[in-house]
Amino acid sequence: MEPRESGKQRVAVLFGGQSTEHEVSLRSSMNVIRAIDRQKYDLTLIGVDKHGRWTLCDEQDYLLNADNPAAIRLAPARCYLAVVPGQSGAQLIDAANGQPFPSIDVAFSVLHGASGEDGSVQGLLRVLNIPYAGPDVLGSAVCMDKDMTKRVLRDAGVPVTPSVTLLRTGDAAPDVDAIIGQLGLPLFIKPASQGSSVGVSKVTDRAGFAAALALAFRYDAKVLVEQGISGREIETAVLGNDSPEVSVCGEILANDEFYAYDTKYLKGAQAGLVIPAALPAPIADALRQMAREAYLALGCSVMARVDFFLTDQGQILLNEVNTLPGFTSISMYPKLWEASGLDYPALVDRLIVLARASARQNAEIR
């Protein structure tokens, strides 16, 4: 798209959403908004409330309890938005009276979790001809479903954490002894399509299996039972489209039994992030190369965070791929790029540029 008369592109930051990660998304939005270069971009803030309604927000007062991770929330809506698709982008209008607002050139979504990073919003934005920061519909959908992620990666020859997939229809009473016999103990039981460790339980004996499974099924109709891995948690950040770059490696040192939601977002000081991770150069290179291979195999573009286990025996296992990583003050993705020489404002600018490039590529193959 051509720049506007002001010479600036208009970036819409989308945040909130209906998922269990609503509050995490609000926290991410603060950092992204702060980092956007106002000399280059005009800004539209779109908050999505827990009912799925799009609201036009004012940067000065769009959040309540912004300094409290447990109580942060959207301020009451001033007006609800509707979106009208057009040939050269989408037009925002006031849903009540049809009053138009400036059109959007690029969307920067931090709508974490269901509907926000599973391909739903990505599909909407693509239909609306709005470039957006993050993978396309397919890459987003596949990476959101941890079972499908593993299937694609196994086919691509990328080693993944051993697991068993259970469905709520038919597998609500699985053969626990057989699963323990196959995977051993401890086990991690998790919803297939949740993030931020929501609904995840560590199971150390047979007695805890049923409750952990019931919790996971509260959040998804598909559940993964994963082998507990003894080793280190290593993460990498990937950036780019056809020729992605990979950051330095970082390590998570969690004081809890695993890196749970509370540790990540409510008790951030209890989880240590070591960047760069203390790794032999050949291991770090292998991790970064595997991250790149997984990113391309899964059809990712613009950005993703790729998480690994490095076992006590030195084996690398890919744990999961997050196509819309956190941008909070404690989030690993921006910290990894900062350690790689790309500060927060430069990272956000790069993501916006990549979003536009990805949209141009998609338009050429229609």
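Using the three backbone atoms N, Cα and C, a Cβ is placed for every residue, glycine included.
Quick look at what Swiss-Prot lists:
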type	residues	note
BINDING	180-235	ATP binding site
BINDING	Asp307, Glu320	Mg(2+) 1 binding site
BINDING	Glu320, Asn322	Mg(2+) 2 binding site
DOMAIN	150-353	domain 'ATP-grasp'
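Swiss-Prot feature annotations superimposed on the structure.
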| residue | record | contacts (Cβ under 8 Å, 6+ apart) |
| --- | --- | --- |
| Ile180 | ATP binding site | Leu187, Arg206, Phe209 |
| Gln194 | ATP binding site | Thr20, Gly113, Ala114, Val200, Tyr219, Asp220 |
| Ser201 | ATP binding site | Phe188, Ile189, Lys190, Gly208, Ala211, Ala212, Leu215, Ala216 |
| Lys222 | ATP binding site | Asp145, Asp147, Thr165, Leu166, Leu167, Arg168, Pro191, Ala192, Ser193 |
| Ile229 | ATP binding site | Thr161, Phe309, Thr311, Leu317 |
| Asp307 | Mg(2+) 1 binding site | Glu233, Ile234, Glu235, Leu318, Asn319, Glu320, Val321, Asn322 |
Hey, which of the binding-site residues Leu187, Leu215 is the loneliest by Cβ count within 10 Å?
Leu215
When you measure from the Cβ of Glu320 (Mg(2+) 1 binding site), how many other Cβ atoms are you left with inside 10 Å?
22
I'd like the number of other C-beta atoms within 10 A of the C-beta of Asn322 (Mg(2+) 2 binding site), please.
22
Please report the three-state DSSP label of Ile229 (ATP binding site).
coil
